[in-house]
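Scroll down for the structure; my scribbles are underneath it.
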Amino acid sequence: MAAEAKNDEQQDIARRLAKFPSTIWGCSFASFSLKDSEIESYTQQVEELKGKVKDMLMQSTKEITQNIEVINLLCRLGVSYHFESEIEQQLNLIFASLPSFLNDNGHLDLYTVALLFRVLRQHGRKVPCDVFNKYKDDNGEFKKDITSDVKGLLSLYEASVVSVHGEEILDEALVFTKQHLETLAAQVSPHFEQHIRNALLCPVHYGMERLQARLYISFYEEDESRNEILLKFAKLDFNRLQLLYREELAIVSRWWKDLDLTERLSYARDRIVEVYVWALGCVGSQPQFASSRLLVAKFTQTAMTVDDTYDAYGTIGELRLFTAAFERCSIDAIHELPEYMQYLYKAILKLFEETENDANEGSSYKTSYAKEMFKELTRADLQEGEWFNSLYVPAFDEYLHNASITTTGELLTAAFLLGLKEASMKEIVWVRDAPKIVRNAKLFARLLDDVATHEEEQKRGDCPSSVECYMNEYGVPKEKAYEEIKKILATSWKDINEDYMKQHRVSRTVVNYFINFARMSNFVYKVRDAYTYSTHLKTYVATLFLQPLPV
């Protein structure tokens, strides 16, 4: 059987070549070297201002509206991680006193009420949506006088997307505010107009944290009421973290370059820069998560290469061999594979060897978990290959069951936990139990990916996606399938919100990973498949890694 695969490779086999665009970055990030003096300078300046910003935060606790405003500023500017314990304590106090506070302050404006609602919900505290009832008239419509309150409308719009099932007032608010903001945007100052348009394109709750922070710093800089100390602190910290990210990007770029898979497996996508953006968005921006970011980036690029092998190059016979070899997960199985697959197989085993060598004592079970998730991935990828080979169109739910694995969601979670020192078997068991936020983050990613990529995949020849499966099962045109999948996506996001606001037996860091997974899926696939057509991410890459802020 192995001999057949090798002989086939020497023949002119008809392969499903995708002809993916080449990397737009090459090895440009691999040569970066972090200068200790530069990072030390930024760190010193950040530490000098940190105490003053903390004083500002603590002083704001005298009044709830001022307190929530400062907390929101710290979050939007991307510096709240410096004060996590203080912010958590303050939010607990605000949440506990909120009913009486709102009852005693019926005059509160829409902006403030919506801000309290959003910030508390985004930090896992479920404020009831009836706080917005007072902004409706006797006919159940939103009052006309709020249509001229641009700041309040924007605040309500941002709050409306943190909704759960059964909250009709928030569903109505989303439509109402979006309609009015699209008209009002042209009537405000240019810098506020851009802020509104950014929000309409991507509400903060849906966005990539670091990119949202960069956009907000530019907006805040034009705010006449800005605090210069806070602005400078945010800029310095952004530049400091940017240097750290560039160093991490250089590390994974050199790792990928040394594997030399781009030359040996020219059919596959070289997207090491883009997958690091993914890792940064999913894992989080804090410096202490560097190991997880590096591992998620490495596993994402490796999984992408495996995916391209199954979807866009390998014959069904070769794919069966590769899947069988991976069940053994041993170098002894390498000789059963065609030559090109040997390079990939060896690279994966080497990655696992690295993680085992770097693992803390007594945590080898994390690497075992990652290996098992990789085996699951190859089985699921092969299943799609078998479907394609036999011209079988699975039922919609049958497809989604298998596709929940091919999203690579749990494999990348394993990589995240590998790098998270405090993670233990408790976190792995929680993920394997598949709580609602885990299931729906993967579902959200799969469906967005399919809608963005299915037409081009079908042209070159690929397994039916959720779109084709839905069309086939229900006998509907593509447009109707899109419409129904869009409804599923909306439901999925509400499920994510709902579960996010529940108490879980794992840390908030782990729960955050899954809401970030959904956010990054939205970031990559909302307009087009930005992994494949990476020019769509070029501006964002430059903003995040190449353009420091003037201080």
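Just so it is clear, glycine is given a Cβ too, placed from its N, Cα and C backbone atoms.
Pulled from Swiss-Prot, these are the features on record:
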| type | residues | note |
| --- | --- | --- |
| BINDING | ASP307, ASP311 | Mg(2+) 1 binding site |
| BINDING | ASP307, ASP311 | Mg(2+) 2 binding site |
| BINDING | GLU457 | Mg(2+) 3 binding site |
| MOTIF | 307-311 | motif 'DDXXD motif' |
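Where Swiss-Prot records a feature, it is marked here on the structure.
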{"residue": "ASP307", "record": "Mg(2+) 1 binding site", "CB count, 10 Å": "17"}
{"residue": "ASP311", "record": "Mg(2+) 1 binding site", "CB count, 10 Å": "23"}
{"residue": "GLU457", "record": "Mg(2+) 3 binding site", "CB count, 10 Å": "21"}
Study note, to complete from the structure: Counting only residues at least 6 beyond its ends, the same-chain positions whose CB falls under 8 A of a CB in the motif 'DDXXD motif' (307-311) are 16, 18, 20, 265, 267-269, 319, 322, 341, 344, 378, 381-382, 384-385, 406, 408, 457, 462-463
Practice item. Would you mind giving the whole-number mean pLDDT across the motif 'DDXXD motif' (307-311)? Key: 95
Practice item. Write down the Cα-Cα distance for GLU457 (Mg(2+) 3 binding site) and ASP307 (Mg(2+) 1 binding site), rounded and given in Å. Key: 13
Practice item. Count up the helix, strand and coil residues in the motif 'DDXXD motif' (307-311) according to DSSP, in that order. Key: 5 helix, 0 strand, 0 coil
Review point. What's the CA to CA span in angstrom from ASP311 (Mg(2+) 1 binding site) over to the residue listed as 'Mg(2+) 3 binding site'?
Key: 9
